[in-house]
Amino acid sequence: MAEAFIQVVLDNLTSFLKGELVLLFGFQDEFQRLSSMFSTIQAVLEDAQEKQLNDKPLENWLQKLNAATYEVDDILDEYKTKATRFLQSEYGRYHPKVIPFRHKVGKRMDQVMKKLNAIAEERKKFHLQEKIIERQAATRETGSVLTEPQVYGRDKEKDEIVKILINTASDAQKLSVLPILGMGGLGKTTLSQMVFNDQRVTERFYPKIWICISDDFNEKRLIKAIVESIEGKSLSDMDLAPLQKKLQELLNGKRYFLVLDDVWNEDQHKWANLRAVLKVGASGAFVLTTTRLEKVGSIMGTLQPYELSNLSPEDCWFLFMQRAFGHQEEINPNLMAIGKEIVKKCGGVPLAAKTLGGILRFKREEREWEHVRDSPIWNLPQDESSILPALRLSYHHLPLDLRQCFVYCAVFPKDTKMAKENLIAFWMAHGFLLSKGNLELEDVGNEVWNELYLRSFFQEIEVESGKTYFKMHDLIHDLATSLFSANTSSSNIREINANYDGYMMSIGFAEVVSSYSPSLLQKFVSLRVLNLRNSNLNQLPSSIGDLVHLRYLDLSGNFRIRNLPKRLCKLQNLQTLDLHYCDSLSCLPKQTSKLGSLRNLLLDGCSLTSTPPRIGLLTCLKSLSCFVIGKRKGHQLGELKNLNLYGSISITKLDRVKKDTDAKEANLSAKANLHSLCLSWDLDGKHRYDSEVLEALKPHSNLKYLEINGFGGIRLPDWMNQSVLKNVVSIRIRGCENCSCLPPFGELPCLESLELHTGSADVEYVEDNVHPGRFPSLRKLVIWDFSNLKGLLKMEGEKQFPVLEEMTFYWCPMFVIPTLSSVKTLKVIVTDATVLRSISNLRALTSLDISDNVEATSLPEEMFKSLANLKYLKISFFRNLKELPTSLASLNALKSLKFEFCDALESLPEEGVKGLTSLTELSVSNCMMLKCLPEGLQHLTALTTLTITQCPIVFKRCERGIGEDWHKIAHIPYLTLYE
């Protein structure tokens, strides 16, 4: 990838030669010679890149060229940095250190020119041809919605595997394991995803777990990952034995479905250890695994491996067409003919067809397609398939501005879930992004990322809270890794990762160290990226200020750091400073505003009393996650006025703002690139200026996420309407007890999530307009602690809340649940019996979690009669509940039933239990007065799991073999009984 970085250095040289710095210190001729030398060498680089694959001397030549290029980049970078510093000093160009500086630069220039002359002379023996390289991808408009392409030709395979799962689940008496076997790029993972998401599998198995293995078959890591997947949250570090016990408790008696994707482990002992833990599941529990290795299939499989065949020529062609032409109606017949010849070379491998289709998507000249068809790369030695030549071709047909950005992704381990925004910051730090017109570098990086996605280099796109995450196929990752080999020189280490969580790997110019010491910084003066996150640091040494090339510094998660050295502010090239979750950090250096190149300052999770003074001087700043308003000049909202901020920002200590004119100084309405805004006051709610201040903080209409905390005004601002919040998808309002009414949320066309916490006693309806809005996009509604809330709408209609799926109501004693046809999940703390009766209005409900706060002794008989779709029911903290309604029997679809802390509950209804024919899990805990279990349990043939804890009377009656209730539960495979 030398050709890509040479272009970066050439662009820097060209830009530099046009500026005044080169004239002031007298190196114009030297830099001009460097530029000419690189231009001469660059002309033959495309040919060299293609030929190096089977020519070791040529590969070595490229490595030497790459090392020299990085050396030139260091010289240029240091020259610009120090020259700028001299000019900004009081002495200007007459600074006393200018002469030794010129001598040092001149000596280094002579040395690197000698190296480049030797490299240029050596190239002649390779007889390389000059070729024109495409510099940048074609300009086109792209949208923000990212979707995976249609899957072709695997429906038959999906149905066959689903049938195996279902049939085995019905017959098996032990854990079943089915390996899907096939070479890389055939679509084993895609097929497994289709099976995993099939409705038939979802209905028959619970829980469903997906784990990617790759090269690391570590039992502790895998068990931890499985537990985290089931519980949906991160797990603190634990020893293996308690991890094994926890997983067995979670899987005990469950007919689970586990996918182990991309397995390479050939050690039978490792698999045997994991299998022993997994065998606690119910009859029919199933493990589906994907692998390229027959030995892995024979070790793991209890069933005959499913060997995945190549795609048919027709399906391969459809996949290629979808990528190459999109939805274009008219297709050049000559391109179709050439395309079919290219597809033949793909050998029925989907990844090859998809990737080659991606690189040709915006090429419409026949010669461009012929160049791919006739490339000599097809004739190179192949290992397991035709996939690697196809992937190499995809790289060689990338424009220059994409190549190095793609190859850099090799520093992440396989199957890493990468954040697009972070990756773009890394690209910027290494100088891979070229300026383009008036676009910000972040926008250029976004274009590059979209180009690589459209060419199928990235996959598995997810968007969470406004951030985009993605992965790379393991073969695409292998390609990036192989191309990184030219950067293995130890003389140009530019990135160090010293964290403990395996987030990045050591490759090329990136080095991972197991621990950090201050002396480490003195060894690597060319560093662009220094990652010390979660390194348990107490302090950062002042020598950090000597890393003049440093662009990216990550100190996040170092909760012991209380302050940062003043010399940090000497890092004139620093672009990203990541300090999030440095819990003890209370202040930043006063001279932080001198970090003139800073673009990303991440401060969420710190304990700052105020943001550093005069932060508005950081005119390059694009991401400022947190702004803490101070009391003194230079710490106030006006510092945000001229900053073109991107992403999200949380503004706190708004109670310190006394005038709406001060709030207007923030100029939020002009910040079109902010997608998330959080505004917070101290929670005492006694701020007389809050209403005027919030009105003055009107955001831009591009905003998507809005949160307001501790607002003390009596009404929310007029700008909370359709015109300003037309793109908002999520609103959260907490601690606004003085607001007597709510804005017209129902008119917001894109609002998907609405959370209201602790509201005024004057609020009776979420929307009390005579003509209320429809809430056309709302899917999630959470309301806490509204003492007089009676309903959602004062005037209900037929078309309101058409897609609402999830509702949560806590501490709303007057609330009556309306009739809503789409709601599937309800969580409610019952504060009035009326709420219990109104639950029956939600006929589509599949999950119900109710807790009591009214001392109810019984539940309404009609409560369950209309809930025919209910699958999960949890009843907790009904301290005085003595009996359950017989209408429980109408819940024919119920799979899971749980009772917790129902102290007075004496029995479960005999007739009610008999009707629960689909029940697979019953859990009763802390029901101290429960006297016995119903006889009807014997007839629940689907019941596989029974858990009884802290129920002393029943516990004794369930003693194995001799207890009075033992015969009622003896047929249940998995029992958990604790006194």
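The backbone N, Cα and C atoms fix where each Cβ goes, glycine too.
What Swiss-Prot records for 143-437 is domain 'NB-ARC'.
Feature annotation from Swiss-Prot assigns ATP binding site to GLY182, MET183, GLY184, GLY185, LEU186, GLY187, LYS188, THR189; the stated evidence is sequence analysis. In the three-state DSSP classification, MET183 (ATP binding site) falls within coil.
Per Swiss-Prot, the feature repeat 'LRR 1' maps to 524-547.
Counting only same-chain residues 6+ beyond the ends of the repeat 'LRR 2' (549-570), those with a CB under 8 A from a CB of the stretch are 74, 77-78, 81, 425-426, 428-430, 494, 525-543, 576-589, 591-592, 594-595, 597, 602. Here Swiss-Prot flags 549-570 as repeat 'LRR 2'.
What Swiss-Prot lists as repeat 'LRR 3' is 571-594. When Cβ-Cβ distances below 8 Å are used as the criterion, the repeat 'LRR 3' (571-594) is approached by residues 77, 81, 84-85, 425, 428-429, 533, 544-545, 547-565, 600-618, 620, 625 of the same chain, each at least six residues removed from its ends.
The repeat 'LRR 4' feature in Swiss-Prot is assigned to 595-619. Residues of the repeat 'LRR 4' (595-619) grouped by DSSP class, helix first, strand second and coil last, total 3 helix, 3 strand, 19 coil.
The list of residues near the repeat 'LRR 5' (637-661) in space but at least 6 beyond its ends in sequence, with Cβ under 8 angstroms from a Cβ of it, reads 421, 440, 442, 466, 604, 610-611, 614-616, 618-619, 621-631, 667-668, 671, 673-682, 687, 689-690, 692-697, 705, 710, 712. Residues or ranges marked as repeat 'LRR 5' in Swiss-Prot: 637-661.
Across the repeat 'LRR 6' (748-773), DSSP helix (H, G, I), strand (E, B) and coil residues number 0 helix, 8 strand, 18 coil. Residues annotated as repeat 'LRR 6' in Swiss-Prot: 748-773.
Here Swiss-Prot flags 823-841 as repeat 'LRR 7'. Each residue in the repeat 'LRR 7' (823-841) gets a DSSP state, and the totals come to 9 helix, 6 strand, 4 coil.
For the repeat 'LRR 8' (842-866), the number of residues in each DSSP class (helix H, G, I; strand E, B; coil) is 0 helix, 6 strand, 19 coil. Taken from Swiss-Prot, the feature repeat 'LRR 8' applies to 842-866.
Annotation source Swiss-Prot lists repeat 'LRR 9' at 868-890. Restricting the average to the repeat 'LRR 9' (868-890) gives a pLDDT of 93.
Counting only same-chain residues 6+ beyond the ends of the repeat 'LRR 10' (891-915), those with a CB under 8 A from a CB of the stretch are 206, 857, 864, 867-885, 921-937, 939-940. Taken from Swiss-Prot, the feature repeat 'LRR 10' applies to 891-915.
For the repeat 'LRR 11' (917-939), the DSSP-based tally of helix, strand and coil residues reads 5 helix, 5 strand, 13 coil. Residues annotated as repeat 'LRR 11' in Swiss-Prot: 917-939.
Sequence annotations record features per position, and here Swiss-Prot assigns repeat 'LRR 12' to 940-965. If you look at the repeat 'LRR 12' (940-965), the same-chain residues 6 or more away from its ends with a CB under 8 A from one of its CBs are 252-255, 282-283, 913, 916-933, 972-979.
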**Message:** I need the neighbours of the ATP site defined by GLY182, MET183, GLY184, GLY185, LEU186, GLY187, LYS188, THR189. Which other residues of that chain put their C-beta within 8 angstroms of the C-beta centroid, in sequence order?
**Reply:** THR290, ARG292, LEU308, VAL349, PRO350, LEU351
**Request:** List the same-chain residues at least 6 positions away in sequence whose Cβ sits under 8 Å from the Cβ of LYS188 (ATP binding site), in sequence order, or say none.
**Result:** ILE180, LEU181, GLY182, ASP261, ASP262, THR290, THR291, LEU308
**Item:** For the repeat 'LRR 7' (823-841), distant same-chain residues with Cβ under 8 A (at least six beyond the ends)
**Value:** 801, 804-817, 847-854, 856, 859-860, 862-867, 869
**Request:** Determine how many residues of the repeat 'LRR 9' (868-890) DSSP places in helix, in strand and in coil.
**Result:** 5 helix, 5 strand, 13 coil
**Asked** Which residues of the same chain, at least 6 past either end of the repeat 'LRR 6' (748-773), have a Cβ under 8 Å from a Cβ in it?
**Response** 704, 722, 725-742, 779-795, 797, 800, 814
**Message:** Within 10 Å of its Cβ, which one of these binding-site residues (MET183, LEU186) has the largest number of other Cβ atoms?
**Reply:** LEU186
**Request:** Count the residues of the repeat 'LRR 10' (891-915) that DSSP assigns to helix (H, G, I), to strand (E, B) and to coil, and report the three numbers in that order.
**Result:** 5 helix, 5 strand, 15 coil
